[in-house]
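Taken from Swiss-Prot, the feature GTP binding site covers 23-28, 39-40, Tyr42, Thr45, Gly71, 126-127, Asp129, 156-158. Summarising the annotation, Swiss-Prot assigns Mg(2+) binding site to Thr27, Thr45, Asp68 and lists similarity to another entry as the type of evidence. Residues or ranges marked as S-geranylgeranyl cysteine in Swiss-Prot: Cys206, Cys208. If you look up Swiss-Prot, you'll see Ser2 marked as N-acetylserine, on the strength of similarity to another entry. Per Swiss-Prot, cysteine methyl ester is recorded for Cys208. Summarising the annotation, Swiss-Prot assigns motif 'Switch 1' to 32-50. Summarising the annotation, Swiss-Prot assigns motif 'Switch 2' to 69-88 and lists similarity to another entry as the type of evidence.
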Amino acid sequence: MSAGGDFGNPLRKFKLVFLGEQSVGKTSLITRFMYDSFDNTYQATIGIDFLSKTMYLEDRTIRLQLWDTAGQERFRSLIPSYIRDSAAAVVVYDITNVNSFQQTTKWIDDVRTERGSDVIIMLVGNKTDLADKRQVSIEEGERKAKELNVMFIETSAKAGYNVKQLFRRVAAALPGMESTQDKSREDMIDIKLEKPQEQPVSEGGCSC
């Protein structure tokens, strides 16, 4: 019955910003999720790209706005403004590149500087299809996630491994249901605010 009530509510939008060093696979993860495809030709993201997708969960439907940021240093100054109003940050590293893993601490710090501690952060070790070239163990990823109090998953955008699971876990952590209920409460308060304004008039005048 509560699901039926949700149909009247506008589709909730959540902004997810993808962060990480250059060539860790941010764009590839988004492309795999959006189109279930993978492009072997590497093209660096210039500035910021934006894509949007509706996601159907068990108890609600939401719209994810995916912001793909460039990893290059020259675009770094653009990123804080995109982090500022995000609901979640996906911080990606390449399991075959230990430097990209070390840099995730800085990216997570940037997110918390702009958004405070209430933002959802997912640490993602990408490129598990290159396991023979692995420089960062899954245990190291899990340890860092625990230390920094963030979520963690390993993925392969190329093989499609855990990509849907990544987005499902982030979506499940979003404050969708609470926000929807708060919205309804706000609407109810708005209605109540109009009634008290009428009451003093009827009490002060004739009781019609």
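Residue 1 is the first one shown; counting continues down the chain.
Note that Cβ sites are derived from N, Cα and C of the backbone, with glycine treated the same way.
Between the C-alpha atoms of Ser23 (GTP binding site) and Asp68 (Mg(2+) binding site), the distance comes to 12 Å.
All protein chains considered, the CB of Asp68 (Mg(2+) binding site) has 22 other CB atoms within 10 Å. Ranking the binding-site residues Ser23, Thr27 by how many other Cβ atoms lie within 10 angstroms of each Cβ puts Ser23 at the bottom. Comparing Asp68 (Mg(2+) binding site) with Lys26 (GTP binding site), their Cα atoms are 7 Å apart once rounded. Cβ contacts within 10 Å of Ala157 (GTP binding site), excluding its own Cβ and spanning all protein chains shown: 28. The average pLDDT for the motif 'Switch 2' (69-88) in the predicted structure is 76.
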